[in-house]
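**Q** I have a structure I would like to understand better, so I am pasting it below and will then ask my questions one at a time.
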Amino acid sequence: MKKLVTAPYGLHGSLTVPGDKSISHRAVMLGSISKGKTVIHHFLAGDDCLSTLAAFNAMGVKSERDGETVIIYGNGIDALKEPAQPLDMGNSGTTTRLLMGILAGRDFETRLFGDASLQKRPMKRVSEPLSHFLGARIELTDNGTLPATIYGQKLHGTHYQMQVASAQVKSALIFAALQADTPSTIIEKLPTRNHTEIMLNQFGANIETAADQKTIRVMPKPELTGQTVEVPGDISSAAFFLTAGAIVANSRIRLERVNLNPTRTGIITVLQKMGADLQIEALPTDGEPLGNITIATSQLKPIEIEAEDIPAVIDELPLVALLAACAAGTSSIRGAEELRVKETDRIQTVVAELRKLGVEVEELTDGMIIKGRSQWAINDDQLDSYGDHRIGMMDAIAALKADRPLQLANADAVSVSYPGFFQDLERLLGGDLA
Ligand SMILES: O=C(O)C1=C[C@@H](OP(=O)(O)O)[C@@H](O)[C@H](O)C1
Ligand SMILES: C=C(OP(=O)(O)O)C(=O)O
């Protein structure tokens, strides 16, 4: 049980948030299937990305890690070897789903398993299109979950219209399409994060995205060469402090070198629409867009979030609910049924935690309706992450506004995406005015 603190004097100071989780995963994967040396700076050494690194090590890829710097010695995709043991995906949906796309076209068999939460998450969304459209062979449990066995096959190019708005499914399809005999076209339901496409092109592939931002053309069998990757700060981690800065009285925080890829900046759009006091300073970069964001205590207006808004803010929706709980009026989140299949059912867990804080919130099948107010009447001091990193960190930010210290069960879960979260929070609580 971790004691959560309040913030009567606000939060102040500057912070460089950890490296982006999605980009760190992809840097390890691309380094491992390319030829030559890949150097990754500001790698996120969270549990999920370490699961990805360990999986490739088990397939014969040599790497070295010194804190946030990782060097991968790649020998190309054909040099991956059958692992001696089943691969442990830990808590990471991204590792599992993207690996399925890579392994579908290898000439060996692999078994994947995960922790109790991951073994409940849906995997047919990846195995079915890979099997029916590209010729893969993947076995799941009768419930469509892990453990999975992937029997590597010769793959064929395809034209596939996606049924779910998911960057993980899209990326798995792209990885399989790279190994096919002819080009493929993948059409997204809604545009989702495009880190796979951007990074693959940096490593030498030919992936074209049409002007609609949804139609992706993949040319197979590229020569991929190792690169240097500067991982920008994770906007999904910055979002906890953007929220804290907006809702906690007397705060002013600057988050430095945050990734501003437009497929990820939904939380900034939300904060702007809610009337937050926020400034962005774009920074020069050779890679993904990046900048410093400053936020100060704000009077927030309510917001309505709909299906097409969701992909760019998917992992920040617990925080959008928290912002809404502090806004002057009623907010709604709809079209967010994907939240039900994350590390926890995040509609259920967010509703449960907000109700403990005394927030009036109605659960919908695809989202929630939240009545905001300036002061909550807390009715349960025991918050719980339920083993979900993003719920635990949302709880810690919410607790800053409480009238007394609260408790958090299963606080360790934060190490999945932000191992230094509580230390960074402490720094901002004791920080000088930025
Ligand atoms: O591709 C990625 O790196 C991710 C995609 C999203 O999942 P979905 O593809 O399931 O929406 C997101 O929720 C996850 O945290 C990371
Ligand atoms: C959903 C998440 O990750 P993953 O799907 O990789 O487990 C997340 O980080 O919020």
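Using the three backbone atoms N, Cα and C, a Cβ is placed for every residue, glycine included.
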**Q** Name the residue, out of ASP309, ASP315, ASP366, that TrEMBL lists for the same 3-phosphoshikimate site as LYS21, SER22, ARG26, SER166, GLN168, LYS342, please.
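**A** For the 3-phosphoshikimate site that includes LYS21, SER22, ARG26, SER166, GLN168, LYS342, TrEMBL also lists ASP315.
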**Q** Considering the binding-site residues SER22, SER166, GLN168, which residue's Cβ sits among the greatest number of other Cβ atoms within 10 Å?
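**A** Of SER22, SER166, GLN168, the one with the most crowded Cβ is SER22.
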**Q** Measuring CB to CB from GLY93 (phosphoenolpyruvate binding site), give everything in the same chain under 8 Å that is also at least six residues away in sequence.
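**A** Spatial neighbours, sequence-distant, of GLY93 (phosphoenolpyruvate binding site): LEU118, ARG121, GLN168, LYS342, GLU343.
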**Q** Report the binding-site residues (SER166, GLN168, ARG390) that meet this criterion: Cβ distance to the nearest atom of ligand 1 under 6 Å. Use sequence order and write none if nothing qualifies.
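**A** Among the binding-site residues listed, those whose Cβ sits under 6 Å from ligand 1 are SER166, GLN168.
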**Q** Sorry to bug you, but what's the C-alpha spacing from ARG346 (phosphoenolpyruvate binding site) to SER22 (3-phosphoshikimate binding site), rounded to the closest Å?
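**A** That comes out at 19 Å between the alpha carbons.
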